[in-house]
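K.L.:
Here it is, the structure in full.
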Amino acid sequence: MKPTTTSADWIARSLRSVWHPCTQMQHHEEVPLIAVSHAKGPWLYDHEGQRYLDGISSWWVNLFGHANPRINAALKDQLDKLEHAMLAGFTHEPVIELSEQLAALTGQQLGHAFYASDGASAVEIALKMSFHYWRNAGHADKQEFVCLQGSYHGETVGALGVTDVALFKDAYGPLLRAARTVTSPDARNAVDGESAQDVALRAAKDVEALFAERADKIAAIIVEPLVQCATGMAMHDPLYLQRLRELCDKYHVHLIADEIAVGCGRTGTFFACEQAAIWPDFMCLSKGISGGYLPLSLVLTTDKVYEGFYSEDITRGFLHSHSYTGNALACRAALATLQIFRDDDVLNKNRETATRLMLELAPLLDHKCVTHFRQRGMILAFDAVEPDTQRASTFARRFFTSAVENELLLRPIGRTVYLMPPYVLDEEEIVGLAARTRKVFEKVIAE
Ligand SMILES: Cc1ncc(COP(=O)(O)O)c(C=O)c1O
């Protein structure tokens, strides 16, 4: 009989051959690697059957649970029809239907979809399209990009140029084309009794000053609407987005909404921008759009931008491509995902789930080591008060390890603990997730 391969075997082999992302590999001498054997709903299982509640949706991608029967069925059906065909010179049903459905979700404001695979590629596309649009329009001087303090738009060289997270960016500084950075509207920056709206308006003034000075050189400003996730779930008031839209219109600067993490219902509306009642010139989507199944990203844009490239002259066209652009399987997973949104009244159900989670986490509100308890849709976060810098620097790792011991997958960002679970938690899972989060926090803060 073939001996069963244990988690320990897989882990040893992985550490020898797989270079894991966003990881100082030496940390795995202390922090356990987990070998996932299979997954179902919000649960990941290792080879011994030990389970972990995926409290961060496997890096914010999974919406309707792992091995979702409806997405699985759609993919199995698609697999027998067409797995992939190149999208230059060819087209197919899943990519057409997905583009049409997304355009409809924007009320036809963003009626043209350009596809890629990962989030960072979508960001690259939006940046290049904006620059090229202005060049085609006779404004070749508009070459600069503006991003927000604490912004995160991905790890490729262009996306890192508009990212402001020192840990990811600094080592590559000499490679990057620096963007201009404006004040973050993070509501935690409130001073002297300011409201979140006051902070938003103050931050927008910074944008206005920059635009007034050099809008003729600026192609676009890129923003993560409502929640800057990777910097630590920094949340801002929708008023900021309204002001950005006004300023972009006034000064002829493109607005790029990076909804890679916050789109697909994560903040309570399908698109985060809806809460500000605005549409950007470019919207980047990825992560949840395929239900967390397959790498799929896209940029939605306006008729105006599309027409700026439409010409007899090939060089005025957008000559960008990726081999897997518009992959049929990934698009079919996205169609199944959108169907679930329509069938299951997802946004309303999420409102109930988020309210229940808040209620169950409420005891933390008065905890002396908790500050800035906050929530937007299906993102809940709080910051640990940890004055000892040595302990603060290890907080995230210690929390992760303790969470794993309590059947949870949670990865704090610095001292920010957050929950961003799949949309399929039942009552027992909601109560369990909140109770264990509290238990882990109490333990780690008291260590
Ligand atoms: C807002 C935002 N933009 C871009 C990205 C990059 O996406 P990917 O990791 O798929 O390249 C991320 C990933 O976390 C993100 O949160």
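Just so you know, glycine gets a Cβ as well, placed from its N, Cα and C.
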K.L.:
According to TrEMBL, Gly119, Ala120, His322, Ser323 bind pyridoxal 5'-phosphate; which one of Asp164, Asp170, Asp258, Asp383 is listed for that same site?
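P.N.:
Candidate listed by TrEMBL for the same site: Asp258.
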K.L.:
For the binding-site residues Ser321, Ser323, which one has its C-beta crowded by the most other C-beta atoms within 10 angstroms?
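P.N.:
Of the binding-site residues Ser321, Ser323, the highest Cβ count within 10 Å belongs to Ser321.
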K.L.:
Of all the binding-site residues given, Lys287, His322, which has the fewest Cβ neighbours within 10 Å once its own Cβ is left out?
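P.N.:
Relative to the other binding-site residues in Lys287, His322, His322 has the fewest Cβ atoms within 10 Å.
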K.L.:
How big is the gap, in Å, between the Cα of Ser321 (substrate binding site) and that of Ala120 (pyridoxal 5'-phosphate binding site), rounded to a whole number?
P.N.:
14
K.L.:
What does DSSP assign Trp59 (substrate binding site), in three states?
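P.N.:
Note: Trp59 (substrate binding site) is helical by DSSP.
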K.L.:
Among Trp59, Tyr152, the binding-site residues in question, whose Cβ has the most other Cβ atoms within 10 Å in this structure?
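P.N.:
Counting every other Cβ within 10 Å of each candidate, the maximum falls on Tyr152.
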K.L.:
What is the separation, in Å, between the Cα atoms of His322 (pyridoxal 5'-phosphate binding site) and Lys287 (substrate binding site)?
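P.N.:
Lys287 (substrate binding site) has its Cα 17 Å from the Cα of His322 (pyridoxal 5'-phosphate binding site).
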